[in-house]
Amino acid sequence: QHLRRRLLRRLHPHHRHPRPRRRHSVDLRRRVGPPPRPHRRPRHRVAPVLQPSHQQPAATLQLCVDRRCLIFQLIHAPSIPKSLVDFLANPNHTFVGIGIDQDLEKLEEDYEFGFRTNTVDLRGLAADKYGQPELKRAGLKGLAGVVLQKDFEKPKRVTMSRWDNQWLTPAQVQYACVDAFVCFEIGRNLLASSLSASG
């Protein structure tokens, strides 16, 4: 069935001994509908974000670490918690996903996160491992079938639903968690294989 990303941890500054890099998956749900009312930005940001009228901001951030998921409704948050920004900007973390770089650019464009972090696009990793260049154009469902040998359903009634609603439905929350968890598991599988091959 469905799977997806986890987090929910506060990061503490490390001093002498850097922590090993951890893998995370990250994804964004695009909002549907009229532009949102302005929200306060994090205090450490100084410039407001200007949203072009023809674009819609990301509504929901999905994160998965091991077996914990965080679904954060960006669009309804009065500000972005510093702990979340610090987590995403931590150089010891690696974030995996499909189109992950574009997702992080979207965060910068919509919410002025203003950082770069370690990312791995699962499509290129899978294409290299299996010798199938066409996987560079695959979606999450296709990658799940090849890497995990699992059938991952993406019901349109959920994927095309209103992710900008103030209250997400149980089906939306379940899908968001599963989606993030699938990314995490694909990344864990591919990166473990890559490390074994190089070692």
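Note that Cβ sites are derived from N, Cα and C of the backbone, with glycine treated the same way.
Those TrEMBL annotations? Automatic predictions, nothing curated.
What TrEMBL annotates here:
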COMPBIAS  1-24  compositional bias 'Basic residues'
DOMAIN    53-190  domain '3'-5' exonuclease'
REGION    1-44  region 'Disordered'
Helix, strand, coil residue numbers for the domain '3'-5' exonuclease' (53-190) per DSSP?
71 helix, 23 strand, 44 coil
PLDDT averaged over the residues of the domain '3'-5' exonuclease' (53-190):
90
